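> Supplied in structure tokens, the structure appears directly below.
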């Protein structure tokens, strides 16, 4: 792997670039900013290096007159000529990257839920209690919390490709180990395999917003993120649908149950292997040229100067992001809990309906996939992140109430409908949270913000699953669902208090209107007010600085 593939896109660095950069609106008569001569080792003007045919006096700019150029391969001459925006380009490869990632994310999500949806089958086959099978789902959440910090550090320091390879590789290894666990006395082996798959998930869940930002243009970034999340949702949907079909409940014949489990496990392993090979071939760190002005103007910070700790501190100090962390964790954790316990909830009201329990789960997730895509398209066209997020959150609360209080009406078709409504909004919220987080934390790493969002989702998922599981066992599904509904209502309130500042969108808009100029932030010792990130300060556009907030 070449060195350029090991450097994460967020840390694209010109070693001679200033430590602090402020992006502000351009004056009516912009000064022609020149790139410092030591910015790049390349001597070709086309790659931003110094022009050897210029007068030396033109190439040597006094330090106090140097202006930090907006990074963008191939755009140096254009920028110097008239202050024009950096060069950007979209590549067809972005669709292949998105497709491969979505597919191996799909397989990982399938392996998360394929135990829980047929809990009764696995309890009989392995001779364990239902709470032990529940832990095969919960382990995904438990593993994520301590591992997300080294995983996002790796993403920031080594880039998208290595992180994707680890995700696909662990996913493949766990799938093959499950094939060796098909025996009633090998429950420990299947637990180990599931732990490996849960480690793979750590290198998967934080990538949708990174792939969307690094590979896709500003008018398609939200749709791309929604599509990447959709792959994970589709895996959950297939995990609800296929296991009840492939492994029917045959308590009188454990040998037949074992053969059916083997078919499911070997099929999963074969698909995982093919996707790992495709990951090696297709996925790269970033395209040769950035896809958007927001990516092009990300400040150049030397790799050794980048502080992952400082990035975490910056995010924790962002009050809007902290509110989003909690509200995102509540709603997504509720989805994890409902998905894990769905088999037990449905069988409580409808005996011997394992197949329909899987179909209800499928309906929930498929409706959520439609919601994800529609929300992504809506955001790309309107950029109303705060309002859209709040409305979807509120409707998720309404959907949870309707689902809760119609389960005991003894109408399985009504449950299909209410589960679809719940899934449309609850699952459709997932890409909204990712994209909203990237907007209000720009220019911090997308992988770091997404990783923290997922960490809180897993934390709340563990808590909610354990508490709802106990309430469901002791008092019935109604008590557990009411418990979740109360927390979702709290999430609605927290979302309403999030202050919306669309930093990434503002940079795109301001640059496209040729209203951006880069300059040293500490020039003459005067630091303008704005967002500080790892020694980099970005000032919001004056024209569209904030989305209307409630």
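From the backbone N, Cα and C atoms, a Cβ is placed for every residue, glycine too.
For 51-67, 520-529, the entry in TrEMBL reads compositional bias 'Basic and acidic residues'. The feature domain 'Major facilitator superfamily (MFS) profile' is assigned by TrEMBL to 97-503. Under the heading region 'Disordered', TrEMBL lists 1-82, 513-550. According to TrEMBL, the transmembrane segment annotation covers 95-115, 135-155, 162-183, 189-209, 221-243, 263-283, 320-338, 358-378, 390-407, 413-432, 452-472, 478-498.
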> Tell me if the transmembrane segment (478-498) touches the transmembrane segment (95-115). I count contact as 3 or more CB pairs below 8 A, with pairs 6 or more residues apart.
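These two stretches do not touch.
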> Counting Cβ pairs under 8 Å to the transmembrane segment (452-472), which of 135-155, 162-183, 221-243, 263-283 comes out on top?
135-155
> Can you find at least 3 Cβ pairs under 8 Å between the transmembrane segment (390-407) and the transmembrane segment (478-498), where each pair is 6 or more residues apart in sequence?
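Answer yes, regions in contact.
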> For the transmembrane segment (162-183) and the transmembrane segment (263-283), decide whether they are in contact, meaning at least 3 CB pairs lie under 8 A, counting pairs 6 or more apart in sequence.
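Yes; at least 3 Cβ pairs under 8 Å.
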> Honestly, do the transmembrane segment (413-432) and the transmembrane segment (135-155) touch, with at least three Cβ pairs under 8 Å and pairs 6 or more apart in sequence?
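By the criterion, they do not touch.
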> As a test of reading the model: what is the averaged pLDDT for the domain 'Major facilitator superfamily (MFS) profile' (97-503)?
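When the pLDDT values over the domain 'Major facilitator superfamily (MFS) profile' (97-503) are averaged, the result is 86.
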> Per the definition of 3+ C-beta pairs under 8 A with sequence separation of 6 or more, do the transmembrane segment (221-243) and the transmembrane segment (135-155) touch?
no
